[in-house]
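Among the features that TrEMBL reports, domain 'YjeF N-terminal' is placed at 9-221. Summarising the annotation, TrEMBL assigns (6S)-NADPHX binding site to 59-63, 135-141, D164, A264, G334, H383, D450. Taken from TrEMBL, the feature K(+) binding site covers N60, D131, S167. For 229-509, the entry in TrEMBL reads domain 'YjeF C-terminal'. Look at TrEMBL and you will find K420, G421, A422, K423, T424, G449 tagged as AMP binding site.
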Amino acid sequence: MIVLTSKQMREVEKIAIEKIGIPSIGLMENAGRETALEVKKILEEGNLNSVIVISGKGNNGGDGYVVARNLYNWGIDVKVFLTTSLGAISGDAKVNLDAIINMGIYVAEIIQREHLKFLEKTIKDSDVIVDAIYGIGLKGEISGITKEIIEMINQANKIVVSVDVPSGLNADTGKVEGCAVRATKTVTMQFLKPGLLVYPGADYAGEVRVAEIGIPYRLAAEVGYNYNLVTSEDVKLPKRHGNTHKGDYGKALIIAGSKNMTGAAYLCAKSAIKAGCGLVKLVVPQSVQSVIQGGLYEVITYGLAEKNGILSYDALSSVLKLIEESDAIAIGPGLTHDRDIPQLVYDIVKNTDKPVVLDADALNALVGRLEVIQGKKIILTPHYGEMSRLTGLTIDEIKNNLFEVAKTFIDRYKVTLVLKGAKTVIATKEGSIYINSTGNPGMATAGSGDVLTGMIAAFLAQGFSEEKAAIYGVFYHGKAGDIAKEYVEEYGMTAMDILEDIPEALKCGL
Ligand SMILES: NC(=O)C1=CN([C@@H]2O[C@H](COP(=O)(O)OP(=O)(O)OC[C@H]3O[C@@H](n4cnc5c(N)ncnc54)[C@H](O)[C@@H]3O)[C@@H](O)[C@H]2O)[C@H](O)CC1
Ligand SMILES: [K+]
């Protein structure tokens, strides 16, 4: 699903209004009406009847006046409060403000502290608050009386419907600019915005509904959109035809595990099989091979050179030979960071141009030596801690600048990045950003990443591009976790639950 930044939104609006000639006030009419219909549904569902609209001085506020007019026409008790003086309103917003005043709808300014008491009382007596203070035009932090109004809205414990973007939220990053409205529901105009889809923005937006307001969808391509929300529409699976054999579904080589972490290797290899890979070979330290082979009937295991239960550099030549007969490679889960691993991982990556997914200890192995991945068919799957080690940024710097951090990394290394988090972000070497729509907190469990790595390797082995393998892997991994949640809830969820539900998850792509 297309996602536009506020800059792209403005460009699309400009083309629609100035080039195509769609009247801007018509867009505002549709935006306001779509929002009003949403509010009406909420009132009917809750047998409620009183609404206050709080409008800012821009077109977001203009939408708010249209909302008020529609609600008033439907016999709903509605009052409008301005966070600015009447005289400051202009353009389409002013046309709609004048209309509601002419209709006799209650309008009052809340621009001095003594007005706040009255607003507080009115909020208390109302059922729903419509937040039309700021939309995509927010610049910098909110302060002063408007900040107090937003805090009052949040403390009122009322149903809040935000127009386009919760006021105070940065539409592009999801950051809270000083303060932000916590919405029950956000009705966003024509296209999703990135800030509604990642934290904390996703928390503040509540349930998001995209209102179609009359802007041609094709204009998104004209402005070169590059953000996407991954939905089931984007991850259809090719039908498998009759006369095929396992070789048609790819051969994956997994290099993983050590004497204290055999489970990581198991989960990764088993997930690759479950995600449809035709043949999976697993390289582990020689002394753990029998332990692992036990539970992995469908996987061919290779016990290679080791030192004290950890793969040693002497395993390199055998690994490179196995790579030659594989379509895709996964390296990392449970390797540990000891002794020879960093050099072994570095030289494997250096000596192959096959698609590779690097996870966990393979990422740690490349800290400070990332030049070896430059321009290769490589997918990295760090969580914020691993990304912090790879980039030298703090976890907070990463969390608060997800898109920028991902784009900077991709621009520099021209690989595919899966930045795992509460909302996993995928950045591709073509410069696209994908935000995943599946998954739940129950998946933050040991081994969950190993399962994802196996799934991505499976899609790579089946011939998917790095971009598609990353998107499919992340989406179906989250989908499997959502299915698991239905019966184990989030507290009891284990990586095995996710793994077991991979086949069920894949069904939604067929
Ligand atoms: N997307 C569409 O096709 C349509 C969107 N519409 C709505 O219009 C807003 C965008 O309107 P705009 O006037 O550009 O900005 P805002 O209404 O968001 O308000 C910004 C307003 O407030 C001032 N301001 C900005 N930041 C601050 C701050 N930190 N402190 C104080 N004041 C601030 C700024 O000067 C602006 O005047 C969009 O979200 C939709 O809701 C229309 O419906 C048309 C179609
Ligand atoms: K708003």
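The backbone N, Cα and C atoms fix where each Cβ goes, glycine too.
Close contacts with ligand 1, defined as a Cβ under 6 Å from any of its atoms, occur at N59, I136, D164 among the binding-site residues N59, I136, D164, K420. In sequence order, H383, L419, V425, N436, G439 are the same-chain residues whose CB sits within 8 A of the CB centroid of K420, G421, A422, K423, T424, G449, the residues recorded for AMP being left out. Checked against S167 (K(+) binding site) by C-alpha proximity, the binding-site residues I136, K139, G421, T424, G449 yield I136 as the nearest. Close to the recorded K(+) site, the chain also has I54, S55, G56, G61, G64, A132, I133, Y134, G135, S162, V163, D164, V165, P166, G168, V181: residues not among N60, D131, S167 whose Cβ is within 8 Å of the site's Cβ mean position. Burial estimate for the binding-site residues (G62, G421, G449): highest at G62, by number of other CB atoms within 10 Å. Once Cβ contacts within 10 Å are tallied over all protein chains shown, the binding-site residues K139, H383, K420, K423 are led by K420. When the binding-site residues N59, N60, S167, T424 are scored by other C-beta atoms within 10 Å, S167 scores highest. The binding-site residues I136, A422 differ in how many other CB atoms lie within 10 Å of their CB, and the one with the most is I136.
For ligand 2, the neighbouring binding-site residues among N60, G62, I136, K139, G421 are N60, by Cβ distance under 6 Å. N60 (K(+) binding site) carries a helical DSSP state (H, G or I).
Within 10 Å (C-alpha to C-alpha) of D131 (K(+) binding site) lie the following binding-site residues from N59, G62, D164, A422, K423, T424: D164. Residues K420, G421, A422, K423, T424, G449 are recorded as binding AMP; their most distant pair of Cα atoms lies 14 Å apart. Annotation for D164 ((6S)-NADPHX binding site): spatial neighbours A31, N60, D63, G135, I136, A171, T186, V187, T188, M189, criterion Cβ-Cβ under 8 Å with sequence separation of six or more. Annotated pair G62 ((6S)-NADPHX binding site) and K423 (AMP binding site), C-alpha to C-alpha distance, rounded: 32 Å.
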